[in-house]
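What follows is a set of notes on a single structure, which appears directly below.
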Amino acid sequence: MAQKEKLQCLKDFHKDTLKPSPGKSPGTRPEDEAEGKHPQREKWASKLDFVLSVAGGFVGLGNVWRFPYLCYKNGGGAFLIPYFIFLFGGGLPVFFLEVALGQFTSEGGITCWEKLCPIFTGIGYASIVIVSLLNIYYIVILAWGLYYLFQCFQPELPWAKCNQPWNTHRCIEDTYRKNKSLWLAANASNFTSPVTEFWEHNVLGISNGIDDIGPIKWDLALCLLLVWVICFFCIWKGVKSTGKVVYITATLVFP
């Protein structure tokens, strides 16, 4: 009997305290607003859509690209000890808290905290700011990857040899590096690879100093614009479009 009373209290709490806010809220269906119905948030088409979306958040650029670099920079295997401590001690509990809070309240990242405790609303705003800054950061890396993808559609890769306009006299090809007698006789610190020079002089266009910002890289700017357009069409219909996109984006990293 006591168990039934507890369940009834939870149901009443969900209906009265955590009911969706009146008016327009993120995820509200436009047809409900037009007909004057009570706003309802969109739902995932299936559990697999949600699982793949979560997996895509876990296994992203931060894990595939940045984590090995940080692991190597901070001591290799020793870095994994504090990493797993904070992962299981803080990361996963906070993740499950956010997921459970979002499912239980059926609210967005800001309004869910407001329904739980108004003083916690700042947590929602801070999360949005952090995610926005991370998206701006990682979208540039995606633009670099798209630029490299376009450069691959050539008979000869532009970073394979030292015969490109951006190469310097310090550029040494791999064939020279494989010749041990010549390589040992030279000062290796005075030379760079065509891969490095393609990255620094062609992709980034590194200037001589902070006082010289250099010209706009229109090819990279177009790649950045294209990536933003792709991201827009991936999320413009909410979970309906995102749930289908993750079938590709969340599984590509595993092969």
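Cβ atoms are placed via backbone N, Cα and C, with glycine included.
Listed in TrEMBL for this protein:
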COMPBIAS  1-18  compositional bias 'Basic and acidic residues'
COMPBIAS  29-41  compositional bias 'Basic and acidic residues'
TRANSMEM  50-68  transmembrane segment
BINDING   GLY56, VAL59, ASN63  Na(+) binding site
TRANSMEM  80-101  transmembrane segment
TRANSMEM  122-150  transmembrane segment
DISULFID  CYS162-CYS171  disulfide bond
TRANSMEM  218-236  transmembrane segment
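The structure, with features from TrEMBL marked on it.
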| residue | record | DSSP class |
| --- | --- | --- |
| GLY56 | Na(+) binding site | helix |
| ASN63 | Na(+) binding site | helix |
| CYS162 | disulfide bond | coil |
| CYS171 | disulfide bond | strand |
Item to check | Chain residues outside the transmembrane segment (122-150) and at least six past its termini with a C-beta under 8 angstroms from it | outcome: 60-62, 65, 108-114, 203, 219-220, 223-224, 226-228, 231
Next on the checklist: For the C-alpha pair, I'd like the distance in angstrom between CYS162 (disulfide bond) and VAL59 (Na(+) binding site), rounded off.
Outcome noted: 36
Next on the checklist: What does the structure give for the C-alpha distance between ASN63 (Na(+) binding site) and CYS171 (disulfide bond)? Integer Å is fine.
Outcome noted: 32
Next on the checklist: At 10 angstroms around each C-beta, which of the recorded positions VAL59, CYS162 has the fewest other C-beta atoms nearby?
Outcome noted: VAL59
Checklist outcome for this item: Whole-number Å distance separating the Cα atoms of VAL59 (Na(+) binding site) and CYS171 (disulfide bond) is 36
Next on the checklist: I need the CA-to-CA distance for GLY56 (Na(+) binding site) versus CYS171 (disulfide bond), whole Å please.
Outcome noted: 39
Checklist entry - Around CYS171 (disulfide bond), which residues of its chain at least 6 apart sit with Cβ under 8 Å of its Cβ? => result CYS162, PHE191, THR192, SER193, PRO194, GLU197
Next on the checklist: Suppose we draw a 10 Å sphere around the Cβ of ASN63 (Na(+) binding site). How many other Cβ atoms does it contain, all chains included?
Outcome noted: 12
